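Inspection log for the structure reproduced underneath, given as C-alpha cells.
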Amino acid sequence: MEKQTVAVLGPGSWGTALSQVLNDNGHEVRIWGNLPEQINEINTYHTNKHYFKDVVLDENIIAYTDLAETLKDVDAILFVVPTKVTRLVAQQVAQTLDHKAIIMHASKGLEPDSHKRLSTILEEEIPEQLRSDIVVVSGPSHAEETIVRDLTLITAASKDLQTAQYVQELFSNHYFRLYTNTDVIGVETAGALKNIIAVGAGALHGLGFGDNAKAAIIARGLAEITRLGVALGASPLTYSGLSGVGDLIVTGTSIHSRNWRAGDALGRGESLADIEANMGMVIEGISTTRAAYELAQELGVYMPITQAIYQVIYHGTNIKDAIYDIMNNEFKAENEWS
C-alpha cells in the first residue's frame, strides 16, 4: 500500500498505540485532541505520559488541536474518542471535512441514551458524500501491549468488504494483524458488551472468588452477549471470533483492563465515585451497562449478569446479594436461548 494520510481523533491510550502502528507502516499520522498541554507534550517530547510512562513516540507523529488542519487532504479518519462524545466529534468532522474519506472507529460502547452503536452514529452525522461505509476496528487488544509492539490480532468490520480490506492493509504488519468481517453489528456489540462482563469478572476477583467462578462468568457472559447481538441482527458465529470471545477473554482476565480493574475495586468495597476519580480514564463498561440493560429490557432478551451489574452500579445492590440472585435463578439448559 502506498503512503496514506490518517487522522486519529483521540490521543488516549488506544489512539496513541494505533497511531504508532500506522506510523510504523509508513503512513502520515495526525493525532487530534482538545488538551493543549497533551498535544504540546506529544509534539515537543514525543511522549504521552498520562498513558505510557516509558514510551517515546516517533517524531513523525504530529498532534493537533485544530481539526481543520488535522483533516486537510486526509485519506482516512479514525475515531478513538469516548462513546459519550462520539456524536459531538462526528458533527464537528461533518462541518469541517471538505472531501470524501475512509471513516473508521476503534471505540467500544453504546451511546448512553439512544443505545445506538457507534457506526450508526457516524452514519447519521457524517453525510454519505463525505464518507465510506464505516469500518469498525475491534478485537482483543491492550494498548499497553500494542504500544511495545507485542503481537496483536484484531478485526476490521464493514458492510463493504473492499473497504474492510483497505483498513486491513492499512494497519497490518509483522506484529499487528487484522482479519476482515462484514458483520458490523456482531463486531460492535461484542466489543461494547464485553466491558460489562469484564466489570463482573473483576468484581469476582475483588471478592476473592477463584478461577471456576471467573471462567463461568466469561462463558455465561458470552452467551448473553450473543443473545442480545443476535436479537439486533448479528451472526452468532462472530462471537466465537477475535472480536467476540477473544476480546472477552483479554478484557475479562487482565489487570491491563480498566473495566476489570473497576470491577475488582467494586468487589473490594470501593465506591464507584472513588473508582472513577482514581482511574483517570474512561470506564466504558459503566455507561454501557445501563444502555445494554435498557436495550435488553426493550427487546425482551434475557441477560442476568448484565442485570445484576446494573443493579449493583445504578441501584446500590450488594454485590454478594446480586451473585446470590443469579445462583438461585430458575434452572435452565446450557444451550437454552432465553
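The chain as shown is numbered from 1 upward.
Using the three backbone atoms N, Cα and C, a Cβ is placed for every residue, glycine included.
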* **Candidates Ala143, Ala223, Ala322, the one Swiss-Prot lists with Ser13, Trp14, Lys108, Arg258, Val282, Glu284 as binding NADPH** => Ala143
* Let me know which member of Asp98, Asp183, Asp247 Swiss-Prot also records as binding sn-glycerol 3-phosphate at the site of Lys108, Gly139, Ser141, Lys194, Ser257, Arg258, Asn259. => Asp247
* Measure between the Cα atoms of every pair in Ser13, Trp14, Lys108, Ala143, Arg258, Val282, Glu284, the residues the record assigns to NADPH, and report the largest value in Å, rounded to a whole number. => 15
* Asked: Using Cα coordinates, what distance in whole Å links Gly139 (sn-glycerol 3-phosphate binding site) and Ser13 (NADPH binding site)?
  -> 15
* Structure fact -> By a 10 Å Cβ neighbour count, the lowest-scoring of the binding-site residues Ser13, Ser141, Ser257, Asn259 is Ser13
* Structure fact -> A correct count of other C-beta atoms within 10 Å of the C-beta of Lys108 (NADPH binding site) gives 28
